[in-house]
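J.: When I checked TrEMBL for this same protein, it listed these features:
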- 25-42: transmembrane segment (TRANSMEM)
- 57-81: transmembrane segment (TRANSMEM)
- 87-106: transmembrane segment (TRANSMEM)
- 127-144: transmembrane segment (TRANSMEM)
- 156-184: transmembrane segment (TRANSMEM)
Amino acid sequence: MMGWLLINLSVLAKCIIEAKLSQSMILYQLFCGLYILDYFYYEEFMTSTWDIIAERLGFMLVFGDLVFIPFTFSIQGWWLLSNKVELTKAAIIANCLVFLIGYSVFRGANKQKHMFKKDPKAPIWGSPPKVIGGKLLASGYWGIARHCNYLGDLLLALSFSLPCGISSVVPYFYPIYLLILLIWRERRDEARCAEKYKDVWAEYRKLVPYRILPYVY
């Protein structure tokens, strides 16, 4: 994450030096910067995520964190260095809304899960949490979709690419890659939970039928 931030800042410095700073670059830098700083501010919440619980420390996680994330998640910035994009006010407002909604869902869902694991009786959205089988949270975002945090993450990834416009698919590498990764991860997590929780998981699936996006998937 720090490597990603440093690469982005170097791209920003290049834009300023060459007097090429645009609204698109400002939006991209702002969204990514807030996302990365938020990651470190809520670093404790990582302890209850799939990366720590299920992935374990192996080649995929090490290579992904040290190489793949910083050098591919920054593609939008590199692309904007040589491609000028003029955004309308409507496009800027829409882009900001995508980021804010994505952040609210992503951070809210992860926070609810983490706080539930620390204190299963802590209220969620002002009400006592609904728990299936004494183990699975079915309140808040987790009562909307079984992996609602993935929806937030995808919206955030999309907000990082939208400042680049729609003239090229290259800046959309990150959200496209993340969509494939999260669907694959969601399928693996579903299988793991079905084996671990058995009847409790089946009951949870009936109560919360949607995987990531309500009424769609």
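A Cβ is built for glycine as well, from the same backbone N, Cα and C atoms used for every other residue.
Looking at the shown structure, can you explain where the listed features end up?
T.: Within the chain, the transmembrane segment (25-42) has long-range Cβ neighbours (under 8 A, six or more residues past its boundaries) at 1-2, 4-5, 8-9, 11-12, 15, 73, 76-77, 80, 87, 92, 95-96, 99, 103, 107, 110-111, 156, 159-160, 163-164.
Remote same-chain partners of the transmembrane segment (57-81), defined as residues 6 or more beyond its termini with a Cβ less than 8 Å from a stretch Cβ, comprise 1, 3-4, 6-8, 11-12, 14-15, 20, 22, 24-25, 28-29, 32, 51, 160-161, 163-164, 168, 170-171, 173-174, 177.
Under 8 Å from some Cβ of the transmembrane segment (87-106) lie the Cβ atoms of residues 23-24, 27, 31, 34-35, 38, 141, 148-149, 151-159, 162-163, 165, all in the same chain and six or more residues away from its ends.
For the transmembrane segment (127-144), same-chain residues at least 6 beyond its ends with a Cβ under 8 Å from one of its own Cβ atoms are 105, 108-109, 112-113, 116, 120-121, 197, 199-201, 203-204, 207-208, 210, 214.
Sequence-distant neighbours of the transmembrane segment (156-184) (same chain, 6+ residues past either end, Cβ-Cβ under 8 Å): 23-25, 27-28, 31-32, 35, 72-73, 75-76, 79-80, 83, 85, 87, 91, 94-95, 98-99, 102-103, 106, 147, 150, 212.
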